[in-house]
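Heads up, the thing below is written out as structure tokens.
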Amino acid sequence: MSERRLTTHLAKPAAAGIAIVVLLLVPLYFDASWTIIGVFSMGAAIAAIGLTILSGSAGQLSLAHAAFMAVGAYAYAFFAGVRGDEHYAGLGLPPLAAAVLAVVVAGIAGLAFSPVAARLRGFYLGVSTIGLVFIAQWVMKDAARLTGGVNGRSVEPLTVGGFELSGSNPTHQLTVLGVPFGGTERLWYVSLLLLLAAIVAAARILHARPGRALKLVRDNESAAAAMGISVQRAKATAFILSSAFAGVGGVLFALASNFIGSGNFDLLVSMSYLAMVVIGGLGSVGGAVAGAVFVMALPLLLNKFSDSIPFLAAPGSNGYTAGVVAQIVYGVVVVAVIIGRPEGVASFFRTSRRAPAAGRLPTPSPARQTL
Amino acid sequence: MRKHTLRAAAVSVAVLTAVSLAGCGTRSSDAGSGSSSGDVKTDFGVTDDTITLGVMSDFSVVYGPLAKTVYAGDQIWADEVNAAGGICGRKIKFDVQDQKMDTQLANTEYAGMKNDVLGLVHLLGSPIISSLLPQIKADHMPTIAVGWSADYLGTPEIAVLGTTYDLDEINGVQHLVDEGKIHKGAAIGHIYMAGDFGENAAEGAKYAAGKLGLTYVGKKVDATATDISAEMSALKAAGVKAILVSTGPKQTAMVASQAPSLGLDVPILVNAPSYDPSLLQSPAAATVLKNLEVVTSMVPYAGDSEGQKKIQEGFAKVAEKGVNPTQHAGYGYAGATVLGEAIKAACEDGDLTRQSVVDHLRELDSVDTDGIYPALDFSDPATPSSTKSVILKAAKNEGGLKQVGDYFASPLQDGYKR
């Protein structure tokens, strides 16, 4: 093995190892105002991985991602909800079981939509998924016992064997290396674990037979059918996988904000997920994660930092306040990234491989793939 | 084989480096708990010379204009208190955040400010309050909620100023009957918006109508509804003799402009958030001036009580150009006054911790807000701090409302249970 091969082989696991360790240490050095941004971003990243499987690898445009996230979030709230509560319906299941069930329900919701998906492609599918968002919005507003109606409903914290992994129960105190670990810090580790699992699972699916089948279906349905791939089944699989990932993202969102309402899962949210996978690079798992962190964390971070910028108008006045400037900067950055890197953030990490090592084929650029 | 060993080695070196780095100085135990500054015990948001209070509102999306006038009221109070030397010898400072009605943003901002503020003097928005509720309880964060929803009651940390929407409606329907504007057996219509405000108001209106022998015709509309002609036609068909409105000002304008064309020349009774002075510049102005009344527990902007005068004098100083004064400046002023009273009491007790401020807030059983509200009683977290209402009439003055009559409470409230 040559020196160069050796270093390139070592670079990836070492980088991943360092990244994981750094992420593990974050709550020790940064307080909840940072970690909560991380929790929201990691939840979004898991959901975005789902969308990149569907829209990037399987080529199915979906604007219903927020609706599937809502299914996961509300299903968790319902399964874990207190039984016999006067306002909301609940089954009172252990939260961990409720979370798993919620993801299963989200997957089933994806399966239920797959007959439609199997008959439509591209923009036509995209438009029909908008319908799903409207149906979901209507259900969220009208099934008041289940969803809390327009007001929304509160969410039980995640517990495992009586130990709270989220929420803010002051009687559950935990201190690690002198740092108090509250609900946000604990949820950080839950999110990190789930994100790693999601990345590994997605990478394994996409690089193995099912992933190759999805890509072939995307590129040429007839060729795929001729190869013996069941096109309908491949498309249904993509929808189930994607909505199950969305379900995990939805549950994490519900846990992080302790409360869910219909406004958290509207069409705008679906659009921002589409933005995440496009910014990250369609079809790339790492890109989806980067895109999600970018889209989710940037406005929150800008909002956080903009407080310390002196020349802005004070909040509550009519001028360019910190919040307004944060939105403008965010918009400009999104446009700049799309223009500068049409293949997404993922391409930043690919440049070093411009001259591919012997025996490796260059991967086709995802942006040029049609939906 | 060799490759795997090297990989493992690379990872373990990385881990070891990072862990050894971790050994040196984590952010172990933030300052705060149990320290004392000067002569009093403190935990968060209090230094030797300042007390910092949080403002978390929606200045830009749904309630922008309203929130700005409420915040103007907060500032008028702070200026007054600081000019008089502050509370406990400390000046009042605000940490202001715009949460844009986004629960995600609100959670981030709350996490960012919670170690720097003693309490929240202005927290607006039902979804935001619901989302932060577990943390507010856990942090014992004294909080003034902006709004009159009965859903906010029941938490010691959260104070709601004045009469809740349901009790306002009971008083309001009683007023219509007492004034002879509607008689037993008649129908009364109610346009209310989905969500806690409208639904809470509907509970009270329905109860009062039942007790007073009126037929209640309630129509729920979406908060963003731009067409309510179907609902108005239904009210016309039911032959209503009065219309209650518990929506945003936009829908109030629709009710007022459609009522005359349907031949419904009847009293229109609205809640405080349903009214905005800009209605008097709309095509519905004539109907608004003739038929519209507001039922609320807060006096209008125009008036000559001590609190009203202070707000009128201070408003121009703190508000941006283009922000017109409304009644809601009173909410900010009175809300800050209530929290201020609790902080003063806690200071006299030598304990300026959050828990102590919450405890003292709940000992206030008769707060005087310089005439903005009737005396407020916060001793029971589960009951509203007031049960009285006052009737305001649309008028062409600053704030667009004038007070007619005195505070009153309907005897029907005794039998009312949510």
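Placed from the backbone N, Cα and C atoms, the Cβ positions cover glycine too.
Any TrEMBL annotation is an automated prediction that lacks curation.
According to TrEMBL, the feature transmembrane segment maps to A:12-30, A:36-54, A:61-79, A:91-113, A:122-140, A:187-206, A:236-261, A:273-298, A:319-339.
If you look at the transmembrane segment (A:61-79) against the transmembrane segment (A:236-261), you find at least three C-beta pairs under 8 angstroms, all six or more positions apart, and that counts as contact. Taking Cβ pairs closer than 8 Å, the transmembrane segment (A:12-30) reaches residues 38, 176-177, 179, 181, 185, 188-189, 192, 196 in its own chain, all 6 or more past its ends. In terms of C-beta pairs under 8 Å, the stretch of A:36-54, A:187-206, A:236-261, A:273-298, A:319-339 lying closest in packing to the transmembrane segment (A:91-113) is A:236-261. Between the transmembrane segment (A:273-298) and the stretches A:36-54, A:122-140, A:187-206, A:236-261, A:319-339, the greatest number of Cβ pairs separated by less than 8 Å involves A:36-54. The highest tally of CB pairs under 8 A with the transmembrane segment (A:236-261), across A:36-54, A:122-140, A:187-206, A:319-339, is held by A:36-54.
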